[in-house]
């Protein structure tokens, strides 16, 4: 039965980075909604300035602090929670939970660790212990050993056979690995590795490079009941990090026997760890027989745990929260829109989901772009369809490729390079795979070179053939049908045939070929649930019905790249929250699986659709939104949409192209809010840069209020107000200054407040500026109350924003980054020194 | 790609593209929501006289595997799917789905809105359907006029006994349309199996000196079988440990005076939680069920319910109070579907062993 919890400490995921976007915040947000039902008081710790969760918790219960052992201990001593939930805080939070247990903090404070018991957590944190556990329950793990000389290495190889991987053990972050297929290669590798190692030791392990990578996500209740949420299949073989691989749900190339073996293994592992809640297990599946190895066990929320939930529509986070509290599956009550059987029914899918990673090499191009066991992608997009091809193309078109090409070609690469890239894959490898097919490589050859299952080449080939057909039969009804079946949107067809999209729309009407929306729900049509998550398909039955109430469509940002993306998601989520508060039915369209803005509780309807003109128009045509919000700077899309005069489109923040700079540098800024002719100062900021650069591209770190605010703030605010012409500027506006040697401030420019800073301002001023902007543009802003909130300006402390860059993870030597290279940020506070 | 039609008794017609055989067939339309194991599903004799709609949007991805057939001669009347892959790849020698269906004269239609059909079946219940070349009045007349045979078991079960020798326990399997998964599990436990026809008498069966008897799965309504089958069951259940599965379970219930009724919507999938009443444990298993034992009709002096489906409340398992006889509605062999309950075969082995100990060693 359920644990009685009065006060629970929830550990946050921290700033976004490679390997972790906003998915942990999304999970924490859903968890919060579940926990609120239990009446428990929630304490939350996180320093991610773009956390939506921290805004849903009572302000007094939020600790904006780095999630580390020391801080958590302090919070425990102050708050005396009776339970800790660490599973939505990533591996970092799990490690802290373990430290809390090891150091006796949990026992001395009588705190219940939810999800997994400390003794079992230890088995997951400590690799050796996990290996012992798995061996004990007869699961195979990859053999590895530390060796001190060639003889020991040879003994090991005699036991496990070639190929093996040799890694030097070195103090520096040496990530070299040598794959050895025979004795000669092994001797060479050992020779090099022993020289590099700071003590003469090497790690040697059995190589499973080329195996299929399969992931399983299961959940378990305290009574030991289990169900499998979904299996995921990585298209790319072991050797490429799962985060850099194209992933399919459900699994595509496993036969029943193999699938069930992995499902059973997952359950056995969950039982042996006494997991209550979720568990994500990764496997290496042999291609030549039914053998497999367990490669990773994560009894907490991971990126792919949440992807599995997204793929099936199963309310995983909500259910898992109750499981962690000790509820049994049959005791969990879901919101009314779900079937009452959903918590304990094993999800079954009638669609395909594909996830394609996005890499940051456009913004950071001086690093090794080869894909290997270190994750390099910073985001991903998903495509959902009824056919595999449809899902692939939708996920590709949700990513960075040009809308002009259906399947981009890489014609500049010569044949040798193609072969080289097939063997040593680079980012966006799917383009090379298709290029190789175009150049006539056989599917057998390709599968041999890449260790990718032939099935996927067969599918890519179908796509190429469909594209050829569509190109060769412009404007024919058959082409439209083929195109639609394989996921080519109307916008793509229009671009491809170089015609106006309206012409395609007319053709669809003439042949009565209309888009339909299918619901993503976990029973494959057995129950009429209303998850209200949809994807498009050209079929008979449309399940998405327009709302009778006034409706707003918010167009999400799609996949994360570097730059202000996590902030943009925060921004998007806040727009949804604001619209709901003022009585709109909200629709969100997005393709990023890791965003908060797709959290089911935040909107009334979610569309997993490519963010492209054709797909957007189809939704508009069905739902007839009264207003459309376009968050983020998307010049191309906003230009395209503005062709349609009857659409009520609000771009937020206003396009950055309207920024006006006298100089491309600043040290200080004043943020103003302008409504009609009224200008209200909001606050002041100082920018700082550890390398003393003050050009605009390097203004990543800032604090509020400005340095010397006691002395200079009112002066510079006056100056800012004077500079700004309300007929040119509306909403949140930032006036930039440089401070001269003589102590004067010289205005260098004026621009809309950026997305990241809007999030920051919301956290530091206590006013939800996104809410204010939404109301302003809907014409329902209550100025009197805003004036009241803003006056008088009483600064209480410094708020500091520090940008994070992915240089270390990408093995780049860069120390300094531009705003376009940010991967996340941390928020902290500092008291004034009196 | 030939255009063909799936037509339904309610008058609806679904154009789609043909694959597999181009035969015209009629059968009961049922939706199966299992995500893996299309091969096991299509080759299961339980689908005799039925057209299978796969809710899984794409099947055929892994071709057909020599080790995964559930029967040698499949008897399904058709396969309906959104998309099929005509692949024969991977590490076992396999033929493609298209070729397999052609070989066995099973027509297929793809490119239809299977989700819509699923919704329709959930709403209106079981329905007759045909796969035809032209969806005209004639085709509908034919569909309405078709009466499907009620001799389904006789058509798919073995007419002659055959052995599957091994060195372990003597198990007699009564074949009502046996799925190979049952034999596979018995093989894994080294059972010395004799498969006998569905109409074998108790005398014939008991003369084989069974350590245990299995009543197999099979197609159609249990009421289609003659009274003699029920008589056989009542006579053997007191003589040797009995394990009844699927149709076997329904017959076991009937033999013990329980009633069996047809479900409004057949349930074919692996997503329903099944609760074992004694342990309160929940697990999953492949279910292919058109009929269910009426719990109210059970004579509690004879039988008690061991398992129940938590979604539709149907009886999923029974046990006899006086004899070592038990039955399950679902498929514990996991072909296809989860292997959560495969240890029911171990329970059966244990019962046989205990029985032997009680009776004194035979050897």
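Note that the numbers count up from 1, one per residue, in the order the chain is shown.
Using the three backbone atoms N, Cα and C, a Cβ is placed for every residue, glycine included.
In TrEMBL, annotation is done automatically, which means it is predicted and not curated.
Site annotation (TrEMBL): L-glutamine is bound by B:218, B:220, B:290, B:291, and the candidate from B:247, B:251, B:318 recorded at this site is B:247.
Across the residues the record lists as binding L-glutamine (B:218, B:220, B:247, B:290, B:291), the two Cα atoms farthest apart are 12 Å from each other.
If you take the CA of residue B:333 (active site) and look 10 A around it, you hit none of the binding-site residues from B:218, B:220, B:247, B:290, B:291. Same-chain neighbours of the L-glutamine site beyond B:218, B:220, B:247, B:290, B:291, judged by a C-beta within 8 angstroms of the site's C-beta center, are, in sequence order, B:46, B:152, B:219, B:221, B:222, B:246, B:250.
Sorted by the number of other CB atoms within 10 A, the binding-site residues B:218, B:220, B:290 start with B:290, the lowest. Taking a C-beta cut-off of under 8 angstroms and a sequence separation of 6 or more, residue B:247 (L-glutamine binding site) has the following same-chain neighbours: B:46, B:153, B:176, B:177, B:215, B:216, B:217, B:218, B:219, B:220, B:222. Of all Cβ atoms in the shown protein chains, 21 besides its own fall within 10 Å of the Cβ of residue B:291 (L-glutamine binding site).
For the region 'CPSase' (B:1-170), the model's average pLDDT works out to 94. A coil conformation is recorded for residue B:333 (active site) in the three-state DSSP classification, outside any helix or strand. Helix, strand and coil content of the domain 'Carbamoyl-phosphate synthase small subunit N-terminal' (B:2-132), in residues and according to DSSP, is 29 helix, 51 strand, 51 coil. Residue B:290 (L-glutamine binding site) falls within a strand when secondary structure is assigned with DSSP.
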